[in-house]
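The block underneath contains the structure these notes are about, expressed in structure tokens.
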Amino acid sequence: MIVTLPARSGIELSVTTPPSKSYTHRALIAAALAQGRSTIVRPLMADDTKLTIASLMKLGVAIHADQHNIMLEGCDGSFPNTPGTVLDLDNSGTSLRLLASAALLATYPVTLTGSARMQERPLGPLAHTLNDLGGMVIFTKKEGYPPVTIGGRLLGGTATIDGSQSSQFASSVMMAAPYSKGPVDLTVTGTPASQSYLDITAGVMTDFGAVIRREGYRRFLVSNCNHYTGRTFVVEGDYSSASYFFALAAICGGKVTVAGLAPDSVQGDRLFLDALQRMGCEVTYAHDGVTVENQGPLTGITINMSSAPDTVQTLCMVAAVARTPTIITGIGHLKFKESDRIAVTADRLRMLGGIVTAERDRIVIQPATLHGGRIDPVNDHRTAMSFAVLGLGIGGITITGAECVNKSFPGFWEILSKVME
């Protein structure tokens, strides 16, 4: 699928954000492990979450899903899978990482694999921790990377995990921990990447009945005496998906309102709104949504986005049209996403005339006169959506492989077509 974006200005748009991918993944796994029946209301039905659903069904969980609800019969902490279970998670890092620890709760060993890019995404820190807690983790191709076969049992105890590459490693252990043989005392070393996602994990676990004591983002103690209980769980709206429409208002000028956002959400990508406000946009919060309005030039800022990784590329697009430089730090872990997002973003902006300096943990974007061009997002949904928004600001940008947005936001192009008309 190829999409060419025309230049637009004076945007007036009201949309409802899709449900959160992060919450949907975690609610699915908690419900699958719970005792009793759960209904997940307003889940995100996208490629990644469908992979999690399919994998849980392969592990023996009874699931019925439609576009509005997902019903699960929990397995009470023991997946009744069959010998030789293989879970192909394609390029869904969240699915593979969260399910890796849960695989220790399966009757038979589980092999997790994925796309060529997935096999380049590190899993070593999680494997070391699972081995310390009673698992038997075997990498079948390259040490530290999928494919991986996971057996053994989650015995519990004290362990450490390196959180500098991804907070999903710690989230994975935490989500399985209520069903360990003993309590789990997990210490996160390094500077935790995307630490706000640990708040999401802990929140979902608590909602399903787990008991967690924590010391900030450094230590999590999970009881094995309080298991998950089936319940009805309503998935909140996604701030990262909403960011593309907020960026439209900033880049094209105009006013965009996004409904379906919890004002008290712990999602780290809320930081994107603070960034827009600092750059010159007017941001208004209401009970069930947020409005962003911009009628003038944007000013560059310096900001640490370590807690809001999924909106870094969107912010880069806004920075590219600002009248002063922008410095974004705390982004080193983006190298391990669906693509090396730091390198890809810098390269594609330069193709459009941007002046960009990319380093290990930061990116600097200077004011420049931009022009159109052809953008290959290398099958990365967030790259495609970010450059689409920039395309509506400057015109003449063509996105190839545009269907990759289905990974997290199947309705993206349909909504954007309202602006393109």
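A Cβ is built for glycine as well, from the same backbone N, Cα and C atoms used for every other residue.
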**OP:** Name the one residue among ARG213, ARG214, ARG341, ARG348 that Swiss-Prot lists for the same phosphoenolpyruvate site as LYS21, GLY93, ARG121, GLN168, ARG382, LYS407.
**Re:** ARG341
Subject >> Pairwise Cα distance for ARG341 (phosphoenolpyruvate binding site)/ASP310 (active site, proton acceptor) [Å, integer] >> reply: 10
Original post:
Using a Cβ-Cβ cut-off under 8 angstroms and a sequence gap of six or more, which residues of the chain neighbour SER194 (3-phosphoshikimate binding site)?
Top reply: SER166, SER167, GLY268, SER306, SER307, PRO309, HIS333
Subject >> LYS337 (3-phosphoshikimate binding site): nearby binding-site residues from ARG121, GLN168, LYS407, Cα cut-off 10 Å >> reply: ARG121
Original post:
Taking the residues LYS21, GLY93, ARG121, GLN168, ARG341, ARG382, LYS407 listed for phosphoenolpyruvate, what is the greatest CA to CA distance in Å, to the nearest whole number?
Top reply: 19
Original post:
Hey, what's the Cβ neighbour count for LYS21 (3-phosphoshikimate binding site) at 10 Å?
Top reply: 24
Original post:
Of LYS21, ARG26, ASP310, which recorded positions are close to ARG382 (phosphoenolpyruvate binding site), meaning a Cα within 10 Å of its Cα?
Top reply: ASP310
